[in-house]
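One structure is given below, encoded as structure tokens.
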Amino acid sequence: METGGNSLPSGPDGVKRKVLYFYDPEVGNYYYGQGHPMKPHRIRMTHALLAHYGLLQHMQVHKPVPARDRDLCRFHADDYVNFLHNVTPETQQDQLRQLKRFNVGEDCPVFDGLFSFCQTYAGGSIGGAVKLNHGFCDIAINWAGGLHHAKKCEASGFCYVNDIVLAILELLKQHQRVLYVDIDIHHGDGVEEAFYTTDRVMTVSFHKFGDYFPGTGDIRDIGYSKGKYYSLNVPLDDGIDDESYHYLFKPIISKVMEVFRPGAVVLQCGADSLSGDRLGCFNLSIKGHAECVKFMRSFNVPLLLLGGGGYTIRNVARCWCYETGVALGVEVDDKMPQHEYYEYFGPDYNLHVSPSNMENKNSRQLLLEIRNKLLDNLSKLEHAPSVQFQEREPDTELPEADEDQDDGDERWNSDSDMDIDEDRKLIIPSRVKREVIEPETRDPVCSMGVDVSPMPIDVPTVKVE
């Protein structure tokens, strides 16, 4: 296993990590609408694989506490959060001006339980950051999270609330520097924009660039003011394979870890960079994708693993199951065990899928130029910028319900299984209701940008060119 310059002692065996995994059994019931490529059901499929491969017994399983309005307002504008909280499919026609203002509509539709969905996936990411901050785990996983396109005041690219920014803000309470790495095929624009002017968060995004959503992420976008050179963008072309990907990923990340020396890492594992994705155009294998997880894990820095894109949902489940095994240091069999979604994975019923023979448009010369340019940018950074500490804000209090204590029959109720047709609409309750006793915490600032007290940073509401 390759390691980097910032490796810390990893314990007596040098392999095992204490892993904490967030999962809400209701998450697979949310439904964006007929024909929409984003299917939260993929999270339930992933969980079923984890259960039947026996991986759940190797980690703590927690049901996330839903994020409250005040938690979401640490980054998002309060009027935007209020809109998400109150809009419903029945009332949306009366709010056309706000729908346009907040970019809610076709790509980001209003659906039953929308705000509960946002609370759930954000709650898992924030909760993972809290657990890492307290040293309760080495790696926290929230496959429902990773929605990297959401902005301070608007939805974008199937994303409503930016759980990643919220998790990073939580990590910044404990750590001087946080690294964000994004291997989704789409540029991690929402996260980059949020931290574009700070040297406390470095963002590194590997993505398809050129006539592709969201259209941002040029190699020349490097950050601004204090954040100059703390945004790294790796623009890629169609058909990139495992070898070409890691020709860039490993040296760039090694240099980042050496120079930036983050106290914690957030890795967004969007699976739409896999070969054969419904919306993607890369040619990575599941093992090639997971090699990024393995490499980040090798640095022995507190690690938050999040989901993201991924629209061929059988492959998304395969990928995130395998990457959970990588996080645990457990190699899982290629032959898939019988489980409630087994028929999705025919005709081979294997965990791994072979890349296609599509053309790799990323020439070695192009890759060399990208690698040299980014390594040169990193050489201009001061090693490990210092941070002046002040009185710190209290940690977010998110008591976690341990799913292992739940009734097993309820967790594995076969009556909840979805029809094999992944495009068929799920039948769900018209409204998802939860009652949560809210712990008392200080109200954060909602309307003045990102509040990172006690170690403040300047965060723009729009990207500064």
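Each residue, glycine too, has its Cβ placed from N, Cα and C.
All annotation found in TrEMBL is predicted automatically rather than curated by experts.
Listed features, source TrEMBL:
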type: DOMAIN; residues: 36-324; note: domain 'Histone deacetylase'
type: BINDING; residues: Asp107, Gly157, Tyr311; note: substrate binding site
type: ACT_SITE; residues: His149; note: active site, proton acceptor
type: BINDING; residues: Asp184, His186, Asp272; note: divalent metal cation binding site
type: REGION; residues: 385-425; note: region 'Disordered'
type: COMPBIAS; residues: 396-409; note: compositional bias 'Acidic residues'
type: REGION; residues: 438-465; note: region 'Disordered'
Those residues of the chain, 6+ apart, with a Cβ under 8 Å from that of Asp184 (divalent metal cation binding site): Gly146, His148, Ser205, His207, Gln268, Cys269, Gly270, Asp272, Ser273, Gly308, Gly309
Residues flanking the substrate site, with Cβ no more than 8 Å from the Cβ centroid of Asp107, Gly157, Tyr311 and excluding those residues themselves: Pro37, Met38, His149, Phe158, Cys159, Phe213, Leu279, Gly309
Distance check against the residue listed as 'active site, proton acceptor' for the binding-site residues Asp107, Gly157, His186, Tyr311, keeping those with Cα within 10 Å: Gly157, His186
Pairwise CA distance, His186 (divalent metal cation binding site) versus Tyr311 (substrate binding site), rounded so that it is a whole Å: 13
C-beta crowding around Gly157 (substrate binding site), within 10 angstroms: 21
Listed in sequence order, residues with CB under 8 A of Asp107 (substrate binding site) and six or more positions away: Ala155, Ser156, Gly157, Phe158
Environment of Asp184, His186, Asp272, the listed divalent metal cation site - residues of the same chain whose CB lies within 8 A of the CB centroid: Ile185, His207, Gly270, Ser273, Leu279, Gly280, Gly308, Gly309, Gly310
Taken over the domain 'Histone deacetylase' (36-324), the model's mean pLDDT: 98
Pairwise Cα distance maximum in Å, substrate-binding residues per record: Asp107, Gly157, Tyr311: 14
Other C-beta atoms that fall within 10 angstroms of the C-beta of His186 (divalent metal cation binding site): 27
For Tyr311 (substrate binding site): intrachain residues, at least 6 apart, with Cβ closer than 8 Å: Pro37, Met38, Lys39, Asp272, Asp277, Arg278, Leu279, Gly280
